[in-house]
Amino acid sequence: MRVITVRRQREGPSEMHSSSTMQRAATAPEAPVHEPASAKEAPGAGKRKSDESGEPETRQRGKRRRGAGGKKLRPGERYVPPPQKRNPGVSFSQEHFDETSYYFEGGLRKVRPYYFDFKTYCKGRWVGKSLLEVFKSEFRAESIEYYEKAAQQGRIRLNDAAVEDLSVVLRNNDLMKNTVHRHEPPVVGTPLQILVDDGEVLVVDKPASIPVHPCGRFRHNTVIFILGKERGMSELHTVHRLDRLTSGVLLFARTLESSKRLDQLVRDRQLEKEYVCRVEGEFPEGELICEEPILVVSFKIGLCRVDPKGKECRTVFQRLSFNGKSSVVRCLPLTGRTHQIRVHLQYLGFPILNDPIYGSLAWGPNRGKGGLVGKSDEELLQALVEEHQSEDSLHLMDLPHDGVGLKEVDKNDASDIKEKSVGSTEPKHQESLQAETCGGDAGCSSNNEPRNEANGDTNRDDTAPTSAEGCAAGSAQEAPRDQLCSECKLVRPDPTEKDLIMYLHALRYKGPDFEYATRLPDWAKEDWVDAK
């Protein structure tokens, strides 16, 4: 059997050489994502001197505040409480699952709009700046007029106190909250199929279009929330992740012990993964090994490309069938880089048939074949955004809706407003409010719990707008509109199958004493014909 290996030397050109057998090794794990260490209470915080002595508090010179360490506040000085302790092991609970509900329409799973609090602590670069300045420079998805109205309605809060004036100057440890009317994109209405649930491991056949856990614009339309809301499953430990548009085998650990065991298998390269995909054109027969290093172009959206400065990685490909126009290819990622399979196939000149990112003409006439792009990273990002804007599909992509910070959004341009992401009151820079990213088709390993618990909740004060329960009642059309929400004023067409499905499927996961597999997707069968 003919075997071809594609390898790029770190400082030299690519070279082709032969290999004798097909490599079957486990993936190398991505570095686990850990929560930041919990901030500690300020020294002396918690009790006043009079509380410790058991004596009634007496009048003293200068006001002292509980939790301020006994520090006197100067006239006009604003008190900032110490950071709250965070429990990185906290999972989503029924309280979160009850924020809103689903309804099904046209074969799609849809989420009724709901109110949600985005939270972020003051960044170092914001200290000494006013809220107005920060909104102008970093949260440009909405106009300053919007934020002023939101403040008037009590939707913007600082340390749990409603902000009446955006001129307030930010200080270290300030906790900002922004209540938004949140809309989520629809996903396919295919039910989640449980393959295995033995009390130690939960294995799911994930449909395309559904993210694994809350990230970006998605919260309830995710595997984690669907399992919690419909099957009462919580406290699941993620073993690996799949891209939103990728389908197939998805593993969760039911217990901490099984999570550690599976993570160790990944680290020891004892977990084998097998994918299938359909690519454009006639893929070469025999075994083809690509060892091109992959570099992350944008951590915000997880965009990657082949580059000598990238991380080493290795993928084994083998053609299974060819129908005259496209090929079904077996993929064995032996390392776990983000979008590894998709990037290597693009480099080889055989992008996945309906890959909206790595099959895009934004990469140039050759669409990135051989690593030839001819654009800077910034130009590439801008070209991708512009292509999807012109196709009215940016809100369906895993790309920030406003040009990933490359172009200012014109609030007077109706087309730009139409392209805003669901939950139009969300600030532009999602990384400050939502730490999650969607991605990992080559199998990212992580044993941490989803982290949105620390980033948003539904505990609102009386100044917040209509309750989330009001949005959940009745049909989507009966849900109350929000007067500040731009998304409420739009009527979007439902996404098509082209928008929601990519021909990449996680077919099998195998360890020393287990093997989990799904059936072959219809599009991967030899006699499949593209309907378009």
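In case you wondered, yes, glycine gets a Cβ from its N, Cα and C as well.
Automatic prediction, not curation, is the source of TrEMBL annotations.
Summarising the annotation, TrEMBL assigns region 'Disordered' to 1-93 (among others).
Among the features that TrEMBL reports, compositional bias 'Basic and acidic residues' is placed at 48-60 (among others).
Residues annotated as compositional bias 'Basic residues' in TrEMBL: 61-73.
The domain 'Pseudouridine synthase RsuA/RluA-like' feature in TrEMBL is assigned to 201-346.
Taken from TrEMBL, the feature active site covers Asp243. Using a 10 Å Cβ-Cβ cutoff, Asp243 (active site) registers 25 neighbours.
TrEMBL lists 405-431 (among others) with the feature compositional bias 'Basic and acidic residues'.
Summarising the annotation, TrEMBL assigns region 'Disordered' to 405-478 (among others).
Under the heading compositional bias 'Basic and acidic residues', TrEMBL lists 450-463 (among others).
Summarised as a single figure, the pLDDT of the domain 'Pseudouridine synthase RsuA/RluA-like' (201-346) averages 94. Using DSSP to sort the residues of the domain 'Pseudouridine synthase RsuA/RluA-like' (201-346) gives these counts of helix, strand and coil: 28 helix, 58 strand, 60 coil.
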